[in-house]
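Database features (TrEMBL):
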- 82-289: domain 'Smf/DprA SLOG' (DOMAIN)
- 323-367: domain 'DprA winged helix' (DOMAIN)
């Protein structure tokens, strides 16, 4: 995406009263954000029925344009990537949640296209039991290819997850509630910097912003949305980790919880998730791999490479279809896929044919489709 268009998109998102859905709808209506700011009042009111007059006036005033330009420049100066929802490199998993972020601010060396992404969350007051489980679990993940671990860089389970990924050589990303210029908690700054080499930091909040309490539960939807599965290790009933699990369930992603002592406060939330069938019981890495249908790295290297080669050179839409089928984890009708990627059934059908010819998807009786197992 051209940098100037990104500035216009960011400027639009900064207007008070414009949430993600309105932001996306307006841009899609005018094709570009630049066209929105160049439109007349008559054009804006005529093409955007239902949009409050205050928003129309803010667009015409163009006051947020200079702010957006300064923000983009400040992020670039600090080595932070400004990623719009409309960028090709925006995480596909996050695109498919109800309310994605209009923008992500990313620092480090992360790959959201990895085939296996899990989030690990839990109490800030982790016990030796919880910390020990996290270490064993992450050590076990080394037996699987292309793993990315997402967490929130908070005290307790989050920090332990990031530390163990660094110890065992796994990529890890921390989703911050505030801007990337102020690592919170500050005590975790060294770990955060160590993560930049293989993974990194992400936030939907631009640098220079004040950290607000409401941003913490909001960022939990990103932690859940970036991942195929969410693992809860120690959490009480009202923990932020339970909020993350609720988001994951709402997105039809798998949720796993580690059982604990029935009298332990910080296992009450996990035990409740399991009891109410909102989470799979998790006692080891193998439990998760079984549910997720992950295969250990036991295949010959040439076979693994041939599988990877199949996905090289796919178009953006083809990649989105593959990702949707991964997330659904079941056979899917064309209409289901069409709804997820917001293309017409005829367009999706054409893409599925190409993927079938490439032996990436398989057409089943009843005109259902599934991924060919790699």
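Positions of Cβ are set from backbone N, Cα and C atoms, glycine also.
Within its own chain, the domain 'DprA winged helix' (323-367) has Cβ neighbours under 8 Å at 92-93, 96, 115, 228, 252-254, 292-293, 310-311, 314-315, 317, counting only residues six or more beyond its boundaries. Computed over the domain 'Smf/DprA SLOG' (82-289), the whole-number mean pLDDT of the model equals 95. According to DSSP, the secondary structure content of the domain 'DprA winged helix' (323-367) in residues is 27 helix, 6 strand, 12 coil.
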